[in-house]
């Protein structure tokens, strides 16, 4: 039977000093010998997805202590990608994932915690905590802050749903009046919670359900709804159950690496493809798999993308549905239920909410569940009242959306598309692959041939788009923005938004070794690997080159001869120390970012740090 990790600092005469310090935190004599459960919170007043989390740790702690454990809370950082977008702040977003993972590891291992509750929500926080949880491999459960309500306003006499991207596009579109732009801005983000569409934060919180690491509803129940309170309380109870199973009964199925195994990663990626999740999830799943010591790669993602249909279409791919609508349709469990009936997932995978996924779906999939409490749970809806407070309303839809032919979630035979929402492309410009969110690409653009318009940075690309350099038929190439070359692999939401505002959203393509916000739509191809700074072919593209994109064939090609390509590579290598670096780019890079760049890998490896580089 495994010994409690915390015994290292709580048992034996030689730990008198440590016990004295534990007592100073409120630990009583009767507490020593109980499991110490770490609560990793991510409250901050900088981020709407985290502004309401201050008291959530106390909720979880109360449930843990009622169940016989000791709860100790600490906090991590949280970067708001939307606020950091479009300026130097975005360089810090992806590297913050590694800092979050490290900080959780540091706190949990330094204090010998026995188990972990991760209170996360936004873009890099859930992935960072996931990496730490799989690295530590102690009992863990995730509970997120939940999505915000969709914005709503009246324009031209019609009530429309809004999100952050609508505000960005309107602000850059000269055809939108100042009055309408301000109206959209004031309405786009009405409440606390992660942005209301299927952006990165919500995608990742949904994927924790598929990985088996969070409770049903975690990814879809609104942050403002009173029903979400029970998720936090249940997380506290469940983590004690998991800790008991492992430490008292030697049940290793309670450990995250046994829950999030290869089959679970396949389930998560299958869900991601079916719901058209953010392309950033590919980075984070690849990174998580490495921490879990699971051999899950871009090849597996490519294989799955060819057979999984697009069953759930959500903003930014359509203005009709937001996360509140996904929840009404049964949430993640509704999508997984349809995938299960299509024979596309492993329903024997372990899950923190039950014995296995099959058992969990039997209760929580509204298409098969007979439990009226479950239908009531998924009827939780928005109030339409601006607020920064969690659990502030108890509104409900009159009915759930169980229309699997024309609703938000569909059966396989009525899918939005038999092609999934994400695809891996490869070719001479991306030898190790790249990612496109096909859910946001118009069918007429699934094949595209255009002329390269090359920029050495996101800033130059934005200036070129707004300055009229980019015209219909161009393929905008933004390079040296990968994990190493940026450094930090910036999101390119502003360039894609500005293309839309110029009426070029369907007339141009954009490819980059950077990445895209979950709010991006259009023919936007990111994660080009190897990146330019690592010697990737994208660093050899010249303005005017012909680029051929064929999503059905999963190919992307720089249409020049092998001889010409070899000559360009030779010329680049001849530049010595200036090879594979941007020309004339002025950018302040801090010591912290330089340290990240030294170890960063390209996107096909999850942009994780490779410490073996220190040994070369």
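Keep in mind that glycine also has a Cβ here, set from the backbone N, Cα and C atoms.
Taking Cβ-Cβ distances under 8 Å and a sequence separation of 6 or more, the neighbours of residue 81 (Mg(2+) binding site) in its chain are 90, 93, 122, 123, 124, 200, 491, 517. Residues annotated as Mg(2+) binding site in Swiss-Prot: 81, 123, 124, 491.
Taken from Swiss-Prot, the feature [2Fe-2S] cluster binding site applies to 122, 195. Long-range Cβ neighbours of residue 195 ([2Fe-2S] cluster binding site) (same chain, at least 6 residues apart, Cβ-Cβ under 8 Å): 48, 49, 82, 147, 148, 163, 164, 189, 201, 202, 518, 519. In the three-state DSSP reading, residue 195 ([2Fe-2S] cluster binding site) counts as coil.
The N6-carboxylysine feature in Swiss-Prot is assigned to 124.
Annotation comment: Swiss-Prot describes 517 as active site, proton acceptor. DSSP assigns residue 517 (active site, proton acceptor) to coil in the three-state reduction, outside any helix or strand.
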Write out, in the order they occur in the sequence, the residues of the chain not among 81, 123, 124, 491 that have a C-beta within 8 Å of the mean position of the C-beta atoms of the recorded Mg(2+) site.
79, 84, 90, 93, 94, 122, 200, 201, 280, 517
Residue 123 (Mg(2+) binding site): tally of other CB atoms within 10 A of its CB:
34
Going by DSSP, is residue 122 ([2Fe-2S] cluster binding site) part of a helix, a strand, or coil?
coil
Does DSSP give residue 81 (Mg(2+) binding site) helix, strand or coil?
helix
